[in-house]
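**Q** I have a structure here, written as structure tokens, and I will follow up with some questions on it.
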């Protein structure tokens, strides 16, 4: 990154986010569509915040009632003020920039950077390079070269390679449309020169709009300096206009995220099937297996084994844990714990160190202590389980009575038999046991054995009498006959001896 000669305290940034985004064909405002776990607007504002400008303004127009709360939330998240300017009528990018300038203090005399809310991969290094190139020029524009320039404004240069103007796609001649160097839509301006040029913009073009790009030609006519900074990596300045482009940039962002984790010491077995959001952290020597999605603010420690076919959203995984074929959200998995396969961790789950949640276990709002095992086929909801306990297969924590959710408390070193039902609210004391098939409706004292099932009673011949002719009845009759023959044979042998 080139060091900037412009202090961030002399810089204001305008983020243009007023457009309707009709090509998205969506009821969601375009800049609120997400990739990598952030909205496009969030990507833009996170990048700008790293440059630390003195002033930051977001220009809103279409759907501003829905976007403004997102801006407010991002201001809180970033810990800095963000002003909002309103473009009541969408009269073009030049008009949007004018609306943004109106939100700046009248005595501000520094550099104004104008960028867009739909350029999600733009990074702080590129913005810093723009400012370093700009110096004392009237304008500096980021450009890039693309294979297919359709839809972009073309960069026109003199024989001496000086930028003379930017011509939009709709207004370009056939020869101009063949130019592959395009406007990236990110600029640095001297604020005095920009204000003067904006007052002279005209809408006599194909779209009848006030183009911000037209200020470049005005600067040149006034004899002012115009500079360009070429961005070799065109993805950094690519915009999103439809869902195809959103998916393409999402895949490119994911590729970069996965590569960064690999270079930091994480093994990703199949990068093509692995999705990692931008705010996810992963420790060294962790293995990420195919089909894994790590979303939101998930935190994975070192030496973990995650996947295959696992989705974790806002989950913290301790060092050395194993998580296999699991879907989890807003949960905590302790160090050295094992989860899966086919485990569902709902919000509020906290599994202690060296604990286990096995096959076909579902948990919700439950704290499970260190070393405790819930091996298989169990629902644990609204519960607190102590350390080093074992919950038998097919157990159910009956937490809902039709009106309210109630909690179950299980102590430490408890052993529960298979198919135990805990009807909340109920407490099982430390060291207690429950028999298989027990329904726990009352508290169990520490060290007690709880058994609720009565004595088993066998009704002989019930199937033959009640289901005559059925396959079960025929099988029972055959088995009874064979048993009778065996008994007779045994009797004859006894008589013969």
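Even glycines carry a Cβ here, placed using N, Cα and C.
The structure displayed is predicted, hence computed values, not measured ones.
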**Q** 393, 399, 400, 436 show up in Swiss-Prot as binding acetyl-CoA; which entry in 418, 455, 470 does that record put in the same site?
**A** 418
**Q** At a 10 Å cut-off from the C-beta of residue 376 (active site, proton acceptor), count the other C-beta atoms across all protein chains.
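**A** Taking all protein chains shown, residue 376 (active site, proton acceptor) has 19 Cβ neighbours within 10 Å.
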**Q** Within the region 'Linker' (244-264), count helix residues (DSSP H, G, I), strand residues (E, B) and coil residues, in that order.
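**A** Computed counts for the region 'Linker' (244-264) are 20 helix, 0 strand, 1 coil.
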**Q** Could you tell me which three-state DSSP class residue 376 (active site, proton acceptor) falls into?
**A** strand
